[in-house]
Structure formats: C-alpha cells, structure tokens
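I have placed the structure first, in the form of structure tokens, so that the comments after it can refer back to it.
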Amino acid sequence: MDLKDISYALDSLWVIIAAILVIAMQAGFALLEAGSTRMKNSGHVAGKQILSFGLVSLVFWAFGYAITFGDGNAFMGLHGWFVSGIHGGHSGDISFSPLDNGSIFLLFQTAFAAVSLAIAWGGFAERAKLVVYVTFGIIFSIIIYPIVGHWIWGGGWLAEMGMQDFAGSTVVHLTGAIAALIGTLLLGPRIGKFNKNKTPNVIPGHNQVYTVIGGIVLWIGWFGFNAGSTVSTADGFFGYVALTTNLAAAAGALAAMIMAKILGGKADISAMVNGVLAALVAITASCAFVEAWAAVVIGAIAGGVTYWTSIYFEKKGLDDPVYAFSVHGIAGIIGTLSTGFFASGRLVEYTGVGDKGLFYGGGFHQLGVQALGVIASGVFVAAISFVVLFILKKTIGLRVTPEEEISGLDISEHGTYGYPEHLDPQFMKVD
Amino acid sequence: MKMANFKQLIKKIEAAESVHELKHYHQELFQLPNSPLLSHTPVTHIFSSLNHVHDLLMQRAIQIAEKELKSLNRGKCPEQWCFYLLGSAARSEQTIWTDQDNGILYLCSSEDAPQCKRYIDTLAVKITAYLHDIGYKYCPGNVMATNPRWTKEATQWIEAMTSHAQACSPDDIRYLYIAADLRPLYGDDTLIFHVQKQLYQLINGSPFTTSRMQTHTAVPKVPLNALGVVHGERWGEHSGEINIKTSLYVPLINSIKYLAIRHQITATSTLERLEALKNKGIITERIFKEIEEALITSLYFRLYSSLDKEDSANYIHFEKLSKQERKALKSAMKLAKHWQGKVFHWNGANQDE
C-alpha cells in the first residue's frame, strides 16, 4: 500500500465519519423540534425525521444525486440516475465527486439533502398533513434541492461564476428555509397563535431540555457538515474548518443571549440555542474562506440578528413554530454574503473557489456573485415550492382539520400519543 | 367633570339612600376621561378627589349594609370593629376602575366569639356584595372581607401575621406586604392603628423577616435595560405594550413601603410615606424630589391607562406616547430601577448618591 492508497483510505474514512455525523443531526432536529413544540405533537414532530431521512435516502439515490452532481448543463445534471455505474473503489464508470468512491460521497450528500428537508419541515410543524410531508418531500428531493445544488456544487452556472458556499449556507439551509417560509405562509398560523387584534401569543415548547440537547447534537454534527466538506484529510485543512465552525457557534450563542437580554429583558434559552444554530448556518458557507476572527464576527452577527428577525416576523403575523426561516434563511443569507466581505486572499487561493472579499481588497465582485446566488436560489426555491404547495393546497389540502390540530397530530395522524400518560384522551375532546 | 362636580358628587353620595343610587354615582366617575379636568389639574389632586369619592361610596355602602344587618338580628355586633382597606384603595391610589381589597377586624370577648363572628361574617358578605353591585369588582386574588385571612378578631389577626413573619415563605412575605397597607375606612379606626403598630413592631423585631422583605423589593423588575431600551410584552393581547403597574408603579411603591415599615411610618399613601421618610432624615430632599416625580409619573400613566377601557387598564403602548411622555416615562423607569437597587442593598444609612 503506497502513500496514495493510505491517503485515499483516510479520506474515505473521514468522509464516511462525517456522513454519519451529519446523519446524526437528524437526531438533533428531532430533539430540537419536538422540544420546541407541544406535547400533543411530540411523537409526530420527532418521528417525521425518520420519515424524512428514509424518503430522502431513496429519492436522492434514485434521482437527486444525478441532478445535483451528474453531467448535464448549467441548469441541472442529466446523468447517473440511480447512481448507475458506481462500483466503489478507485475505478467507477462514472465519478461525480472529489472522491473517486461515489458511494461514500452519495451517502455524505444524502445526509445534506436530508438536513435541508428537515429544515423545510420546521415551517410545517404542528398543523400540516402527513401526506403533504411525503408528497412535498419527494418533489423537494428530486427538483428543488438538487437543482440549487447543481448550480452551486455540481458545476452549474453559479459554480462557474465562482460562488462560494463551502458546505451549503445557501444550498442546504436557505433552500430548506425558503421552502419552510412558503409552507408557513400557505398553511397559516397555528390555532391560538394570534389574537383578534393580531398580537401574537406564546405557544411554548414542551421540553426545553430536549431543545438544548438537540442544539448540542446539531453543533456536534456540524463538524461533519463543514469539516467533512473538505472531503480530505491529507493537508489537515478539515481541522481549520472545524475551528472556524466552532468559533462561530460559540459567538452565536453569546450574541443571541446578549441580544435576547437587551431586546427582551430575559436571557432566553431557546434564543441561545437558535443563536448557535444561526451562527453555524452562517459559517457553513464561509468556514473555509474566512479567518478565525471573521468567523467570530460572522457567528455573532448571525446569532444576534436572527433573534431580532424571529421577533420581527412573529410581530408581522408569521407563525414559524421553530423559527426555521430566521435561523436557516436569514442566517443562510448572512453566511452566503459574508464571504463577499470576509473571504481572505490566502484561503481563497488555497480552496481555489471564487475571489477574495471586499475587506481583503477584492472589491464588490465576490459580494455580487454571492448576492446573485442568494437571490437566484431564493427565487427559484420560492417559486417551485409555491407552485407545488399551492397545488397541494387546492387538491388534497395542506392542513389537518381544526379538530385534529387541537387533538394533536400524534393522535390524529399516528394513533398514539407521544406522552400517553400526560394526555388522557378524555381531556382532549373537542366540543 | 369639573372639580366643582366632584364636590356635587360628594354631596349626592352623602345623601344617597340605596345601593342603586350609589351605583349611579359611581358611574359618573366614568365621565372623567372626557373631562377638561384632566388637562389642567395636577395628577395628585385628581387622585385625591377620585379616592375621596371612592371612600365615600364605600362608606355609604357599609352604612347601608350595617343598617340592614341590625334589623336582621344575625349574631352580635362586636364591641369594636373596623372595615379597612388594602392595596391601592388603602394607599388612596385607586384609578377609575378598581376592584375590592378589604377586610374587617374586630374585638370581642371570648364568650361572645361565635356570635360576633356570625355578625361580622354576614356583614362582610353583605358589604362586599354591595360594593360589587356599585361597581367594585370582587378581588381576583380574594383579598376581601369575605376571606377569613383578612377578616378576623384583632388578636387572631396579629397571631396570623406573627406566623407569617416567622415562616417567611414568598407567600408569607406577600401577605405581610399586603397587610402593611391597611387603612381604616369605617368603624373604630383606633383598632386598625393599634394592629398596624403591632404589625410593624413584629416585622422589625425579626432581622430575618426584614431581610426577606428587603429581598422581596427586587421584583417585579423594571423592564429597562442598560442601553435604555424599554421591553414591552412579547406575547399576548398586549404584545408590544408596557404594563405600567408592574413596570414602574409596584417597584416604586414596594420599595417605599419597605422603608416605611422599617421606620415605623404609619401613613399608607406612598407620597405621604415618602414625605415622612424625608422628614425623618432617611432620605434627602434631592432623593425625595426625584422619587416623588417618578411616582407622580407612574400615577399619571396609571390613570391614563385606565381611561380607555377596563380590560386594558395598566397597559400603555410606549411607541404611541408623545415624545415628551416617552421621555418622562423612561426617566421615571430609570429612576425606579436605580432606586429599587438601592433599597435592595439598603443598610440603614442615609444614602445620597
């Protein structure tokens, strides 16, 4: 075994570990979202993560991966359906990835697509029909996510322009968040969220400990997400990416807590968890392009700003139960644009993607590319999501009945309560 | 409504013969929002007149209830009894809309105790029902004469307060603070002055109790951060608004009440307490003036927040206030926050900072 083989084996091992870490983020989402929603929906909210991951694993293998990474045009990939030709090892009939072993990269990318769909579900929480999750999930995993992925990662038109989105602030997070936003808008607010005078009510999550543990699991999983996206070990660059990732998350936690204290008067725990996630979302695009100090700044800005936007959108009548649009959408935009300002010359040269940012003498070019990427991806996802969800709304309907919503989705969609001892059916009757 | 109308109203209340009439006169107070009085009369004068009317309405209701009870021959009238007020009524700080906060204390020989209790209990039910009929809602926290906690034979009341002062749980401290406001309204007021003196003595006799009461002044917190940003309610019907009662008024009155208790000041109105603290040299003239201004600001906003409608009493929309009002409110909140902190750390010395 020569050095090349050892290097190849190490890279393969690192990427599969990273894939497992990203898959473990599903557990993080399950805890985070179930903890942030009500007891009567807990089994449903947590359980749909398995539904989501199972669905994405099959659909992305069959179609999504080919559209994202297959040869095609600037708009989408057109080859490699069912990942045909992948045999493993050094020599496959086709090779889509920085790694020759397509099966490992497929697994890694499947995990990313599943994260994006999990984000989208956040906006649907506590009132969408199960069938909508399945239908929209399939379309999302075939058309929406893969096409944006192709534009930026699969050699599409944004990739050609040098857009910097290292691990997917736009591809994964903004895409999921825009779908969540459209879902939230078309579904409407949960029963009881807003008063007649349009003021919002609090619908507290049932278990803040779950929310916190979910946040920590996601933080850990993000090392696979960002550092794993180096898909190599030989130069140790993955360690640097892990460092910027961690620094941003830490800054996001503190910034969100400080912002919550300043704006709301209380050091809100959920705000702190969301601050961590927003910072991680933001550093996802920039983790390989920015210096450590800039990672702290980006994380702090994302953590602080998204606390404010979550309140702002709520005041404007948007019921986004787990603040998916703020945490993944606004932070995704912040993160994607951040390289336009902070991308350092030495790191851009090292990664070989795009140009240096405004603060490093690169002018507005990279910022313009990043902004174009955000706008184009956002508009595309919004348009397709709207069309699909609008058709679903007019045909099968998006939302469960008010009676089912009040009873809770655990009992109405799945037949059993997540907390049966606490939710005796006799207390859940609808008059 | 003009000041002269207040005087006419007082005369009419004094001559009223029925609860129905009193209800009618109570409703005249609702004309206050449309009154030119508001724009050119000092807030303290409005409160003084308003509370005088409230006192008279309640006194007349008690007289009517007492007269009716005597003819019913239920139990035995105690040798001494007094109907007293608690809360904002006791402090003469009621706005237009106000619920009931009251109790009855009495003295009775042991052999007549059951008969006295029967008389007083019947009286309590009658009075609170009449007050309710007039327009004073039942207290949601049940601080009323019909609650045995607040209607007792005087020695038993002191015993109960002694056990609160010994136990010092958060509820016990809350009861002591409520009790510390008691003001006689009808009957033998010497009874009330006597128990108030005893209450203050027993509180001051226990360093643990005073320490717990001092800790209690830290809440509710003034929702103003170090950058001067006012935090409104985040959720609910009043999202974006400020609860003037918990955000400014209560932090001020509780901290002043604490110092008044510590210095055996028997006045119950917060302004009178403040003046007494100044006269005793506990606070300086400068601090007195600052707190007085903040307190008057809180009374002004409490009055104005109660004018629109009953449901939204105490809530004001900060952003909808005039620039001058916002400035005054913020300044008062800043002072209240600072003062609350000073009382929390008060060590008995005259502090002029």
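Glycine is treated like the rest: Cβ placed from N, Cα and C.
If you check TrEMBL, you get these features:
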TRANSMEM  A:12-32  transmembrane segment
DOMAIN    A:13-419  domain 'Ammonium transporter AmtB-like'
TRANSMEM  A:53-70  transmembrane segment
TRANSMEM  A:104-124  transmembrane segment
TRANSMEM  A:131-154  transmembrane segment
TRANSMEM  A:166-188  transmembrane segment
TRANSMEM  A:209-225  transmembrane segment
TRANSMEM  A:237-260  transmembrane segment
TRANSMEM  A:267-286  transmembrane segment
TRANSMEM  A:292-313  transmembrane segment
TRANSMEM  A:325-347  transmembrane segment
TRANSMEM  A:367-392  transmembrane segment
Q) Hey, which bits of the same chain come close to the transmembrane segment (A:292-313), Cβ under 8 Å, at least six residues off its ends? A) 243-245, 247-256, 258-260, 263-264, 271, 274-276, 278-283, 286, 320, 323, 325-327, 330-331, 334-335, 338, 342, 344
Q) So, does the transmembrane segment (A:53-70) come close enough to the transmembrane segment (A:166-188) to give 3+ Cβ pairs below 8 Å, pairs being at least 6 apart in sequence? A) no
Q | Contact set, same chain, for the transmembrane segment (A:267-286): CB under 8 Å, 6 or more residues outside the stretch | A | 32, 36, 164-170, 172-173, 205, 208, 211-212, 214-215, 218-219, 222, 225-226, 244-245, 248-257, 259-261, 294-295, 298-307, 310, 323, 326-328, 330-332, 334-336, 338-339, 342-343
Q | Stretch among A:104-124, A:131-154, A:209-225, A:237-260, A:325-347 sharing the most Cβ pairs under 8 Å with the transmembrane segment (A:53-70) | A | A:131-154
**Q.** Stretch contact, the transmembrane segment (A:209-225) with the transmembrane segment (A:237-260), Cβ-Cβ under 8 Å, 3+ pairs
**A.** yes
Q: Please work out the mean pLDDT for the residues of the domain 'Ammonium transporter AmtB-like' (A:13-419).
A: 94
